[in-house]
Amino acid sequence: MSRLDREADAFRASMAAAASKLTGSSASAMSSAVKRNLAPPSPSPSVGSTTSAAVGTPSRRDRELPGANIVYSQPAVTGTGDSVISQMAYAVTWLRGKDEPQTYYDVLSYLSATGRSESEQEFFVEQMRRHPQMQWIPDPNLSEQTWRTGTYIHRPIIPNVRNKTQLLAYLQKKTDASGVSVKDLKDGWPDCEPSITELENEHKVLVIRAKKDGAARMVWLDDASLFHEVEPDLVKAWSRVELPALDVIAQKLIQAGQKPASEDPRLKAEKMPKVEKKKKRAARKGGKSTNTHMEHLLKDYSHMKR
């Protein structure tokens, strides 16, 4: 065998080996493909799950998205208001807790409004001077006042009442018998209730309290000299006296020719039988008749009714 024949045989053997390798790999690929095709299909989604997803049930990803639950039709809750009315309310509340006068810059600093324009600050200061619960104190060292001068204090509903002595003096100056609202007192004297209780125990003021929590509602002036201590034995003897029934008391008063105070005129009116009033038919007014051919039809025959 020549050299050329040996090289040809070797080439054929290498080609046969390569063909066998290619056949094995294609067969394995085909078998894996067949296995994938024969595998059971994945379960299809149920009707309920597809329906809920279509209706709009948010997924976990949607729930975790930032801003997914923001309602853009409603204003954001910032905690503070930028309007003049809101800022003025905050300023009044802040001045109510201050015992010393404050400058305009102190008020604007509390409201974080010092960065506004000069025209806006001047307008706000003018509104402060007009506010009924703020009092502007001009600077006594200046002959001409500007919007930056002077100080401001809280003007309470009941001025100059911040202790027991001032409260008694205010009640004594009243010219009528009306009481003083504790709510109005708290506007300038927030912690007035303990002092009111002390004056009540000393019989210097009369207090009306709420039934629910016992908080003071109204205060009147009282006279401690009119209070007299009653002996406990007399209180017990008074409590042992039995009173007759209300019906018996009313009957005794009627027999004596007196009208009982417990008699309600409205109940008496309800007990009386109601008399039905008959409505009278209005008489026909005789006017000038223009339809002479219908006079026999327009004649009044009401007197012949049985």
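Note: Cβ is positioned from N, Cα and C throughout, glycine not excepted.
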- When you get a sec, could you say which of 29-68, 109-148 is annotated region 'Disordered' by TrEMBL? 29-68
- Message: Across the domain 'TFIIE beta' (76-161), what does the mean pLDDT come to, as a whole number?
- Response: 89
